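Per Swiss-Prot, the feature 4-CDP-2-C-methyl-D-erythritol 2-phosphate binding site maps to D24, S25, H26, T150, S151, G152, E153; the stated evidence is sequence analysis. What Swiss-Prot records for D24, H26, H61 is divalent metal cation binding site. The feature site 'Transition state stabilizer' is assigned by Swiss-Prot to N53, S151, with sequence analysis given as support.
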Amino acid sequence: MTEIPSSFVLPDPEWIYRVGIGQDSHRFLPDEDPKPCILGGIIFENTPGFEANSDGDVVFHAICNAFSSVTHKGILGGLADELLKTKGITDSVVYLQEAVASLKPTQQVSHLAITIEGKRPKLLPQLPSMRKRIAEVLHIPLDSINITATSGEGLTAMGQGYGVQCFCVLTIMEYCRY
C-alpha cells in the first residue's frame, strides 16, 4: 500500500444529494367506525379512520415510501407487514422510525416537502402540529419540513371526500469522500 505523504492535502469532503418520492392513499371507513383518523401523527376528531391494516396514516406512509426510494429498503409492504404479523404493530410512527434507521450513517435528512389532497378533514389548523410531530420523529429542524394541503377542487375521489392521499419529496444529504 502506498503511503500518503504528510504534505498531501485531501480534498474537502463532498455532499451529494439524493431525492426520494413517496405516495400513499387510503379510503375512509364508514362514519360510524371508531377507528381514529390519523394524519402526520395527529388525531383528527369527527373524521373516520382509514381502511388499512395499520393506523392508515397516509402522511407517514408517503414519507416511508420516499425513504424506500432512496435506501432501496422496503418499509411498507415489507418491514411494516412483518411488524404487524409478528408483533401486532399498527402504529405508523414505528414504521417511520424504521425508515429513518434505514439511512446509512453518512446520510441525513435535508428537507421534506409534503402535499396532502382531500376534502376532509380540514387540515390547515393542524398543519403546525403535523410539522412538529414529523420533525420529532425524524429528528430534524422544523424549518426542514413543509406541508401543503389541497382539495384538488373535487376533481379526484380524494377531493370528493372518499379518502386522502399524500405525496412526499424527501431530500437526503450524503457525505462522500472522493
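All positions are counted from 1 along the displayed chain.
Including glycine, each Cβ sits where the backbone N, Cα and C put it.
Positions of the features from Swiss-Prot, shown on the structure.
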| residue | record | Cβ contacts under 8 Å, 6 or more apart |
| --- | --- | --- |
| D24 | 4-CDP-2-C-methyl-D-erythritol 2-phosphate binding site | V58, V59, H61, A62, C64, N65, L76, Q165, C166 |
| S25 | 4-CDP-2-C-methyl-D-erythritol 2-phosphate binding site | V58, M158, G163, V164, Q165, C166 |
| H26 | 4-CDP-2-C-methyl-D-erythritol 2-phosphate binding site | F50, E51, A52, G56, V58, G163, V164 |
| N53 | site 'Transition state stabilizer' | D81, L84, T90 |
| T150 | 4-CDP-2-C-methyl-D-erythritol 2-phosphate binding site | T115, I116, E117, G159 |
| S151 | 4-CDP-2-C-methyl-D-erythritol 2-phosphate binding site | E117, G118, K119, G159 |
| G152 | 4-CDP-2-C-methyl-D-erythritol 2-phosphate binding site | E117, M158, G159 |
| E153 | 4-CDP-2-C-methyl-D-erythritol 2-phosphate binding site | G159 |
Protein Cβ atoms within 10 Å of H61 (divalent metal cation binding site), excluding its own
28
Let me know the DSSP-derived helix, strand or coil state of T150 (4-CDP-2-C-methyl-D-erythritol 2-phosphate binding site), please.
strand
